[in-house]
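Chemist: The structure under discussion is supplied below as structure tokens; questions concerning it will follow.
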Amino acid sequence: MAGADSDDSLYPIAVLIDELRNEDVQLRLNSIKKLSTIALALGVERTRTELLPFLTDTIYDEDEVLLALAEQLGNFTMLVGGPEYVHCLLPPLESLATVEETVVRDKAVESLRKISHEHSPVDLEVHFEPLVKRLASGDWFTSRTSACGLFSVCYPRVSKIRGSTHFRTLCSDDTPMVRRAAASKLGEFAKVLELEYVKSDIISLFTALASDEQDSVRLLAVEAGVSIATLLPQEDLETLVMPTLRQAAEDKSWRVRYMVADKFSDLQKAVGPEITKNDLVPAFQNLLKDCEAEVRAAAANKVKEFCENLPEDSRETIIMTHILPCVKELVSDTNQHVKSALASVIMGLSTILGKDNTVEHLLPLFLAQLKDECPEVRLNIISNLDCVNEVIGIRQLSQSLLPAIVELAEDAKWRVRLAIIEYMPLLAGQLGVEFFDEKLNSLCMAWLVDHVYAIREAATCNLMKLVEKFGAEWAQNTIVPKVLGMANDPNYLHRMTTLFCINALSEVCGQEITTKHMLPVVFKMSNDQVANVRFNVAKSLQKIGPVLDSNCLQTEVKPVLEKLASDQDMDVKYFAQEAISVLSLA
């Protein structure tokens, strides 16, 4: 067989056919993923005459294999001989665009859209347009939904009148899935048509879809409406689009109202300042007061963006009289998702409203949210303190918000204290080192002697993160002396915390500080009367060993560990021997 060239050249297709017929899905999948290699081996002509017909005939496989095939065919143009033969790829992709599995159909449509650009105008009319028509008039809804995604790439270059006619039929299809697909593609189809077609054809389709009996169709029409609004001149918006969008903002289905809230900023940019003032402000107020929490949360998410995009001459008035009263209500909303969505953007209002309004109107709201029982609300406020700091300055911030943070840090419930510790590195980064030392350092040290172990552990971890932020020199001057001072505490639990802190700080502080300042304290504690402290000394030496140089390990650490290895307490012995072995000091 090796001697015959013709046989040899048939070999790849034989392997492919064998593997595609194999019972093992994985083998079939692998062979599809190697399609381009096989097509290269076959050459362009045999790819067109043998490989593509074979693939078109075998479209009855597992979805996974079909998905891979749909993706591969989108990159096949050069493998069939370039743009003049690209239409050869249409039959297999057309079949894939009609299968039951949505993911496969979507991928086939994506590949068809991709190769449509490689068709010449003539080929598009002769080969591609008939495919779109066949799909659009197919018996199964699957082919008709796929057709919706092809209009925007086909009809700008072929007759637009024919395109609009076929699309109109799909928009009034009996099957909701097809109307849904048409609604989702209406906006992109409108973008490729001339303005006269948009006014004469698309607007009526949009109006019909926006009042469809299915809410899943109506909500997709909202998105199309926003796209259409960007295309129309200002004078046409009021008559052609706004009545339908007003109706959507008050739709009986919360899903449609949610969609309006979600797209509100895009809509605002599309319609301009006048319609925003007259129409969108009252609509936005209603969405912020909606009876469904999901809608309120979506609207709350847009508060900052909406306010930023308001016309400058009336921005402050609109916010203070119309938006802020609604925001105040949302701060104490019954739903935590709504409060959390608001907390993630509310701080941004301070830059829009300026110092006086922030101090008078917004700070009380921030305070209320800082004390909220939902941790996500508190975190969102603390995470965005820096933008308030820029507007009102650190002093004002410390007088108003920091007492609330300190209050939480000393809360009777240990879980509340724990939450604040976790925010501390973030807070420190936003407030800067000087302010941190003045106001919050003492808190961080107080947590190290908290009566709850989880707090002491979190406080130790917090110190490490603070040193990563502020540097080793800051640690040496500010943190290390206080930590080492606890080594003489009468409470053995606090003495152990010193060791835990040393474990955490040794790596971030580096060799010099560890050897010079921390190590002597650890050695001294090896004589502690409490066995728990002594075996933690052994564990600490094992942990900080890698930071130390070999001379120090041999001359100083080794003797201490050997002494602990002959301790009367079993645990002390065990951990000392383990440290000797891990540090290779035996």
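The backbone N, Cα and C atoms fix where each Cβ goes, and this holds for glycine too.
The shown structure was predicted, so the numbers you read here are calculated from the model rather than taken from an experiment.
TrEMBL feature annotations, pasted as is:
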REPEAT    12-50  repeat 'HEAT'
REPEAT    163-201  repeat 'HEAT'
REPEAT    202-240  repeat 'HEAT'
REPEAT    241-279  repeat 'HEAT'
REPEAT    280-317  repeat 'HEAT'
REPEAT    323-361  repeat 'HEAT'
REPEAT    362-400  repeat 'HEAT'
REPEAT    401-439  repeat 'HEAT'
REPEAT    479-517  repeat 'HEAT'
REPEAT    518-556  repeat 'HEAT'
REPEAT    557-586  repeat 'HEAT'
Chemist: Would you mind listing the long-range same-chain contacts of the repeat 'HEAT' (518-556), meaning Cβ under 8 Å and 6+ residues beyond its ends?
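Modeler: Counting only partners 6 or more residues beyond its ends, the repeat 'HEAT' (518-556) has Cβ contacts under 8 Å with 480, 484, 487, 492, 495-496, 498-500, 502-503, 505-507, 509-511, 563-564, 567, 569, 571-572, 574-576, 578-579, 582-583, 585.
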Chemist: In the repeat 'HEAT' (479-517), how many residues does DSSP assign to helix, to strand and to coil?
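Modeler: Per-class counts: 35 helix, 0 strand, 4 coil.
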Chemist: Excluding the flanking five residues on each side, which residues at least 6 beyond the ends of the repeat 'HEAT' (280-317) place their CB within less than 8 Å of a CB in that stretch?
Modeler: 246, 249-250, 254, 257-258, 260-262, 264-265, 267-269, 271, 273, 323, 326-327, 329-330, 333-335, 337-338, 340-342, 344-346, 348-349, 352-353, 357
Chemist: If we skip the immediate neighbours and take only residues 6+ beyond the ends of the repeat 'HEAT' (557-586), which ones have a Cβ under 8 Å from one of its Cβ atoms?
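Modeler: Result: 519, 523, 526, 531-532, 534-539, 541-542, 545, 548.
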Chemist: Cβ under 8 Å, sequence separation of at least 6 from the ends of the repeat 'HEAT' (163-201): give me the contacting residues as numbers and ranges.
Modeler: 132-133, 136-137, 141, 144-149, 151-152, 154-156, 208-209, 212, 214, 216-217, 220-221, 223-228, 231-233, 236, 240
Chemist: What mean pLDDT does the predicted model reach across the repeat 'HEAT' (401-439)?
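Modeler: Mean per-residue confidence for the repeat 'HEAT' (401-439): 76 out of 100.
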